[in-house]
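So TrEMBL lists the following for this protein:
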DOMAIN    B:64-143  domain 'YdbS-like PH'
DOMAIN    B:269-342  domain 'YdbS-like PH'
DOMAIN    B:414-483  domain 'YdbS-like PH'
REGION    B:149-173  region 'Disordered'
TRANSMEM  B:12-36  transmembrane segment
TRANSMEM  B:42-62  transmembrane segment
TRANSMEM  B:188-208  transmembrane segment
TRANSMEM  B:228-257  transmembrane segment
TRANSMEM  B:364-381  transmembrane segment
Amino acid sequence: MRLKPKQQLDLKALKVWRIVAILEWLFFFLILITYGILIKYLTFPVWPIYLILLGVLLIGYFKIFLVPKLQWEKWSYEIYENEVELMYGILVVRRVIIPMIRVQHVDTKQGPILRHYGLSTVTISTAATVHEIPGLEEEKADELRDYIAQLAREADPNE
Amino acid sequence: MNNWKRQHPTAIFIGFISNLKELIFTVIAVLIFGQSSQAGGTMFYTIFFSLILVVSLGNGIIKWVTFRYQLAEDELKIKQGLIFRKRRYIRKERIQSIDLNEKLLQRLFRLVEVRIETAGGGSEPEFRIVALKKQEALEIKNELLHKNPAEKTSEMEETGESLPMEEKSVSKTTSDQPYQWKLTGFRLFITAITSSGIGIAATFVAAITSQVQQFIPDAFYEQFIGWLLHSSILFIGFWVVVILFIGWFITLISTLLKYGMFQIEKQLDEIHITRGVLERRNLTLSATRITSVRIVQNILRQPFGFVSVYVESAGGGRKEEDLSTILIPLCKRKEVTQILENVLPEYAVDMVYTPLPKESVRRYIVRLIFPSVIIAGLLTYFLSYGWISFLLPIMAAGYGFWQYVDAGIGKNESLLWIRSRAIARTEVLIPRKRIQAMTTTQTFLQKFDLLFSVHVSIITSIIGKTFTLRHISKEQSEECYLWYSYEETENNRED
């Protein structure tokens, strides 16, 4: 079997994922707070709040600590001369080949959080599919984008 | 020079009728769902619908008046619109195919619909002129589809613009003897009988019969239902059979009409498909744009070894056929390769399949047993005699095993073929150079058995399509990977 791709995402991507996860987790936290308020003003039983607290904490642990870490560890990619290879996923491990001659365009994009950390996402589109390499350093992402675009241009259409 | 032409006036009528057709569905929907039987309701609906009719008629007239076309030397110019005027020039080089369709209404008036497909997608890859005299339509077709410009100009000088095309088409056919394939009457009949559209038609019939109650007097209806409830299960079974039979009959007739006189003609790089008894439909496919071939065998056809063949192509493809075009409605499985050799030689290979590893039997079976056990459990809990439903998991297991047996994969240098069963058995043939991306996946359950799934993506008319084969072995997944990889030194890639 050929070697697995080795290039990894920027470590700061992990940070960004965690921040996003915290923001999402706040929604669950809101449920806890709502229930707390309900107890105060209405005659709701008190015991479920412990259950909810436990649930929210568990979700928090998984979403904020465990999942992003595993995800980051599992993410790797490699740019070869003739193709791009991606490998990622925790429960479902995906391994993708995108030949350069099938690449239609390459973009970089960044949201506010990524921008704050100087990161960007590279998007590779073929005529049928779209793939992403999330969280590379801005300069590296731009470089990569131009590099892939150039390889895609040069790729031999007769291959 | 300035000779703008309008469509045949029947276009108004045709547009109106097709509006009416849509309206009928709305009326039915309103009747079914909007059961407000207050006084004045009918009055309101009558006014409402007649207003729509008047507006659509007026709209049709305006469309006809404002739509004008002109056939110039190398392009078709079109003007349309009353308030927002639009001019569209369709250049000859951009045209992919021109098809002349004789739908039912057009046929009544001896007219044709011209469908022009242009390259490069864009916002409107397809363009229709609804009603033209056949003569004019052929003129447009020949003017715009003639490939060789030098030849064309010389002929133009000789014959002038308006001369018919007999000469041209003759010169075309003599240059290359086209291959023809026809659906025989017997096969057409088999196609109709074994068509899997029965389910859909039966649902439709059932829906209609359930609505009939509104037109039956209440007293009679109550009596009938009471009687029905008293009567045995056998009797209900009888009704089910009747509904299925009517559904089957409708499918039979519609299939006969749809695929009657089906014919493929291969000429150079183009495949012309003509079909239909009442509505003659014409479709041109470019062989170079076909991205995969699917051989589908539904359960009814399996005992007889009959299959139907579909093609996916980048551009084209009718909506009603799941975005892919039917190439052969029915033929024997063993004839497929021979027909493909003539129509799409690239795809004519002897497909040899390597079966999936033994480990994947379990995955196929468990995947189906799991939901069926849940269903059976629920049924047992809620219904007396519900335990009978535990036959379901047993059937599911058998079915899963069947899916396993049918699954297989094979390849040569340029083609990959995958066989799998959802309900019908499907074989897909995909050329390597048509695959946009290949993915292998491994779920945590597959990990225990070292199994993988492979997904290949291709372009179809609108969006991409991905074909998947589940639970292949590690070796098979690696083989696929190496086969598709564009890197020459796959095995010893080291920095």
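Just so it is clear, glycine is given a Cβ too, placed from its N, Cα and C backbone atoms.
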Looking only at residues six or more beyond either end of the transmembrane segment (B:364-381), which have a C-beta under 8 A from one in the stretch?
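Residues packing against the transmembrane segment (B:364-381) from afar: 387, 389-390, 392-393, 395-397, 399-401, 403-404, 407, 470-471.
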Can you tell me how the residues of the domain 'YdbS-like PH' (B:64-143) break down into helix, strand and coil by DSSP?
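So the domain 'YdbS-like PH' (B:64-143) is made up of 21 helix, 40 strand, 19 coil.
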In the domain 'YdbS-like PH' (B:269-342), how many residues does DSSP put in helix, strand and coil?
19 helix, 37 strand, 18 coil
